[in-house]
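**Q** A single structure is presented below for examination.
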Amino acid sequence: MADIQSRVNELHQLLNQYSYEYYVQDNPSVPDSEYDKLLHELIEIETNHPEYQTVDSPTVRVGGAAQSTFEKVNHDTPMLSLGNAFNEEDLRKFDQRVREQIGKVEYMCELKIDGLAVSLKYENGRFVQGLTRGDGITGEDITENLRTIHAIPLKINEPRTFEVRGEAYMPRKSFFDLNEAKAQNDEQPFANPRNAAAGSLRQLDSKLAAKRKLSVFLYSVNDFTQFNANTQSDALDELDELGFKTNQERERLQTIEEVLEYIEKWTEAREGLQYDIDGIVIKVNDLEQQDELGYTQKSPRWAIAYKFPAEEVITNLLDIELSIGRTGVVTPTAILEPVKVAGTTVSRASLHNEDLIHEKDIRIGDSVIIKKAGDIIPEVIKSVLDRRPQNAEVYHMPTHCPSCDHELVRIEGEVALRCINPKCQAQLVEGMIHFVSRQAMNIDGLGTKIIQQLYENHKIKDVADIFYLTKDDLLPLERMGEKKVDNLLNAIEKAKSNSLEHLLFGLGIRHLGVKASQVIAEKYGTMDTLFDVTEDSLIEIYDVGHKLAQSLVTYLENEDIRALINKLKEKNVNMTYKGIKISDLAGHPEFSNKTIVLTGKLYQMTRNEASKWLELHGAKVTNSVTKKTDLVIAGEDAGSKLMKAEQFGTEVWTEDDFVKKQNEIEG
Ligand code: IVH
């Protein structure tokens, strides 16, 4: 037993160290696989010996049981907000007021991170509670979700008791990945990283929050008695030393001129950051001076937030081009006279569909106002009508595909026009671009331009051909040196060993998103098993609906597809699932190996949350009640499934019964 305890301690120490190196210092010392390996070892120990589970174990990073609500908690001291400055004049006034009251001053300038304010409580060096700002007086307890953020230390090396505050945010890369996945699953994408971060921290199921890859920058200490600091700058340095993540772009500045320069610098440079900022915070650095300046009802007098303007600029709409997606959807794209918006040059913006162009009455030749939605995606807001030239043309979508000339169709109930020719070149190329994309086969270095060239030179005509590429095929391409070719061939080689779900997703099967690919790969294990799968069997899976089941079975029956898969197999592309199986986890005796159906309206959790919880506790959640069903959990207005359960004499629980059981299990 002493052995187990010492291994557990060692695993805690290593996992915490690796999280710190990766997420706080941005300087990992081991590959991700090493972290995963140790984490799984610890999960296994904790599953077999629950007495070794602790609330600050690194295993909490993967999330815990779903909650039904967030508890409201009063802040020890209110979480205030800052007064705003929108221009130079506002800032000079602030500076003047400060100097009038305290004389000589040093400022601490920090980036204003565009996320959500959070407050983190540590007791004897352990992270015990994390709250949202709420109304400033009362916040919500989101401890479970915050524990999944690797940049937040679960324990620090000194047994201090204090509270730190900062901004939780979603890095741009996580945001793009998340929206890409949402688009693949036909879900509404988030408008910007801030909303995505807020949505993630409001997840009742921390296992889902854990998948969202959030981070945090700490920017203030609530109670300085536990700190040696005399200035804001010292306090941030001390937080660094304790292992917290603070923003390193901060600067101590002496004059308002220097502050204005700092603002100017970051107005330009903000685009290059890996996270969004919406302004600059200027704080009086000295803590005694801060006290002297004091507070208004709502905000400190010793600080002010400069807010970047949401930049809108005018440019000319030169043309409207069409792009064809991998599913054949034809999207009109505005070709703009290049113009700088919020730090980058914009020359294209999606116009989404013909209806929208007519609704906004946008014509080729117009002057248009553009901005970046959520400061990222360029968007045409409207035409400037009093600048409309006489010859501005009303736009009409073509009747035929600009790539293959096949007639375009408008599918009932959809606004989009679609090319339905399966041999359409543009679609095939888009399909390959999808195949190599990050969440699919993740082949680095095989970008759109290269794929296009290879296709045009007849080096690849389907995705399997990618694995047949040689040095001689690649070297003649534009901007391709020996080194790049070697890297690319290595990336292709590496992709061969991807777990099955990457291949499944990469094939671009209609209605098959990242999530369903994962679940299906896990359940069936190999491509060969999938070849024999029936729609009925697929529909048993909670995340799989009729449309997807039908689409997948039809896809895999197709002779051309079978030939494609064989062509991939000949190059040793892996066709098996390599991840961990939820079914391999021990589960809970109450639910292990039980087949359960959820029906009716649930109030204390979503169906999806209920289903996830059941699966994690070893149950198989299916859609239809059969003789084999062990239990039906029936919410309000349960209909035919409940009747069937009564017919078969299946055990039935209400939502309350279920919640009670969950509480019993989780203590
Ligand atoms: S200091 C008394 N520093 O901006 C308030 N705030 O209203 C002290 N923010 O809600 C806040 N980055 O969530 C501070 N470096 C930074 C910040 C920052 C982002 C947010 C914070 C607050 C809002 C200001």
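Each residue, glycine too, has its Cβ placed from N, Cα and C.
Just lifted these from TrEMBL, have a look:
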ACT_SITE  LYS112  active site, N6-AMP-lysine intermediate
BINDING   ASP32, SER33, GLU34, TYR35, ASP36, SER81, LEU82, GLU110, ARG133, GLU167, LYS283, LYS307  NAD(+) binding site
BINDING   CYS401, CYS404, CYS419, CYS424  Zn(2+) binding site
**Q** Whole-number answer please: how many Å between the C-alpha atoms of the residue listed as 'active site, N6-AMP-lysine intermediate' and LEU82 (NAD(+) binding site)?
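**A** Taking the Cα atoms only, the residue listed as 'active site, N6-AMP-lysine intermediate' lies 11 Å from LEU82 (NAD(+) binding site).
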**Q** Which residue, of the recorded positions LYS112, ARG133, LYS283, has its CB surrounded by the fewest other CB atoms within 10 A?
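**A** If we count Cβ atoms within 10 Å for the recorded positions LYS112, ARG133, LYS283, the smallest count is at ARG133.
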**Q** What is the number of other Cβ atoms found within 10 Å of the Cβ of LEU82 (NAD(+) binding site)?
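**A** By my count, 18.
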**Q** So which other residues, same chain and not among CYS401, CYS404, CYS419, CYS424, have a Cβ within 8 Å of the centroid of the Cβ atoms at the Zn(2+) site?
**A** ILE324, GLY328, PRO402, SER403, ASP405, HIS406, LEU408, ILE420, ASN421, GLN425, ALA426, GLN427
**Q** For LEU82 (NAD(+) binding site) and CYS404 (Zn(2+) binding site), determine the Cα separation and express it in whole Å.
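**A** Answer for this pair: 57 Å between alpha carbons.
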**Q** Looking at the binding-site residues ASP32, GLU34, ASP36, ARG133, LYS283, whose Cα is closest in space to that of CYS401 (Zn(2+) binding site)?
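**A** Closest by Cα distance to CYS401 (Zn(2+) binding site) among the binding-site residues ASP32, GLU34, ASP36, ARG133, LYS283: ASP32.
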**Q** Checking proximity to ligand 1 here: which recorded positions out of GLU34, ASP36, LEU82, LYS112, CYS404, CYS419 have their Cβ closer than 6 Å to it?
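**A** Result: LEU82, LYS112.
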**Q** Measure from the CA atom of CYS404 (Zn(2+) binding site) to the CA atom of ARG133 (NAD(+) binding site) and give the result in Å, rounded to a whole number.
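**A** The Cα atom of ARG133 (NAD(+) binding site) is 55 Å away from the Cα atom of CYS404 (Zn(2+) binding site).
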**Q** Roughly how many angstrom lie between the C-alpha atoms of CYS424 (Zn(2+) binding site) and ASP32 (NAD(+) binding site)?
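**A** Spelling it out, the Cα of CYS424 (Zn(2+) binding site) and the Cα of ASP32 (NAD(+) binding site) are 40 Å apart.
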**Q** Per 10 Å Cβ neighbour count, which of the binding-site residues CYS401, CYS404 ranks highest?
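**A** Compared across CYS401, CYS404, the most Cβ atoms within 10 Å surround CYS401.
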**Q** State the count of C-beta atoms found within 10 angstroms of the C-beta of ASP32 (NAD(+) binding site), not counting that atom itself.
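**A** The answer is 10.
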**Q** Which residue, out of the binding-site residues CYS419, CYS424, shows the minimum number of other Cβ atoms inside 10 Å of its Cβ in this structure?
**A** CYS424
**Q** Using only the Cα atoms of ASP32, SER33, GLU34, TYR35, ASP36, SER81, LEU82, GLU110, ARG133, GLU167, LYS283, LYS307, which the record gives as binding NAD(+), return the largest interatomic distance in Å, rounded to a whole number.
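**A** It comes out at 43 Å between the most distant Cα atoms.
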**Q** In the three-state scheme derived from DSSP, which category covers GLU34 (NAD(+) binding site)?
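**A** It is helical.
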**Q** Can you tell me how far the Cα of CYS419 (Zn(2+) binding site) sits from the Cα of LYS283 (NAD(+) binding site), in Å?
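**A** Roughly 57 Å, rounded to the nearest whole number.
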**Q** Can you count the other CB atoms that lie within 10 A of the CB of ASP36 (NAD(+) binding site)?
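**A** Other Cβ atoms within 10 Å of ASP36 (NAD(+) binding site): 12.
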**Q** If we check Cα distances from CYS404 (Zn(2+) binding site), which of the binding-site residues ASP32, GLU34, ASP36, LYS283 wins as closest?
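**A** It is ASP32, whose Cα lies nearest.
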